[in-house]
Amino acid sequence: SQVSFEEESQNPPAVGHWKPLMPSKGEKEEPESGCQDAGGVHEPQSTEQLNVSRLRSSSVEIREKGSEFLRDELHKAQKELKLKDKECERLSKVREQLEQELEELTASLFEEAHRMVREANTKQAAAEKQLRETRGKIDMLQAEVTALKTLVITSTPSSPNRELHPQLQSPSKAGFRKGHGRNKSTSSAMVSAASQNMAPEPVSRECKEVDSILFAEFQAWKESPTLDKSCSFLDRIYREDVGPCLDFTKQELSELVRVAVEQNTLTIEPVASQTVPVGKVAAEECGSPKKCALSGLPRTCKHRIMLGDSGSYYYISPSCRARITAVCNFFTYIRYIQQGLVRQDVELMYWEVMRLRREMSLAKLGFYPSEM
């Protein structure tokens, strides 16, 4: 048998046509040839049938394994899909919860913001009201300080001038007005003492009549008091009183004096028993105790003036001092009116202004107390 197997392996089977197992309809079964050999043709047919059966069984096995693999993959995909659905459902719930929390947080934030805005507006209104009240108090205190400084400057330790500005007192206590904002002399007290020592004279009744034009100008200025000389009230007084009263021979120095009076920076002080300081201006321009710096005439100068903080002193005669003092008294009084320190009727304030104008006119004409 071994020899026959080797022979069969050495001799390959004859190649022939495949024969279908079942003949088709159109074909006729051919009768098997009866002249076939006993061993040569029969053996190849058996081998072919065996191969076909093996192929069929392997294909069936492959299909079964493929189907089983696909079923396993399908089960796995279904399980993963269920897990994904559960995850999606969980994430949807988380999203809904976050949206709800976000809405609640937004609502609470808006409510808190509105509350903070209301509180801020309330605090701002209270702060603005307090600021207005504080500014009003500051303005009032500044006006009082200015008035007190003026009263202190116009007095001396040896002769305090307590009744220097009676316009700040009640009308019943108002007496003779004297002194000015930057005067450090004692002439006012001397005038007051001299007037008290004089013998009483019969009081003559003075008739007064309000000028309608002047009173209208003063009323218009009183509505909004200002130191701007462009208004009709001050413009008239500058032209008729202040300008002529401060018009001295030395024009350049006269202009400096006028500016210092307007700015309330003029200082007047007595020169008795004082050494002459070294000024910034030449001696002939400053004058001397025997020569007036404003008029240029030889006069006995009992007072000297300083313009601002220049450190330069100018000796002036009694007549020039009276003219400067009259103008300073007028400016001091209208400053008090502007600052709201004068509590009098409009007509009384008007007559006080007219009295101060009369003093400027008299000083310009050369009338002044002998004590100056």
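Think of each number as a place in line: the chain as shown, counted from 1.
Just so you know, glycine gets a Cβ as well, placed from its N, Cα and C.
Curation plays no part in TrEMBL annotations; they are all automatic predictions.
Here TrEMBL flags 67-151 as coiled coil.
Positions annotated as compositional bias 'Polar residues' by TrEMBL: 44-58 (among others).
Annotation source TrEMBL lists compositional bias 'Polar residues' at 156-172 (among others).
Among the features that TrEMBL reports, domain 'GDP/GTP exchange factor Sec2 N-terminal' is placed at 65-149.
Per TrEMBL, region 'Disordered' is recorded for 1-58 (among others).
For 156-189 (among others), the entry in TrEMBL reads region 'Disordered'.
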DSSP puts the residues of the compositional bias 'Polar residues' (44-58) at 15 helix, 0 strand, 0 coil
Residue counts for the domain 'GDP/GTP exchange factor Sec2 N-terminal' (65-149) under DSSP, helix then strand then coil, are 85 helix, 0 strand, 0 coil
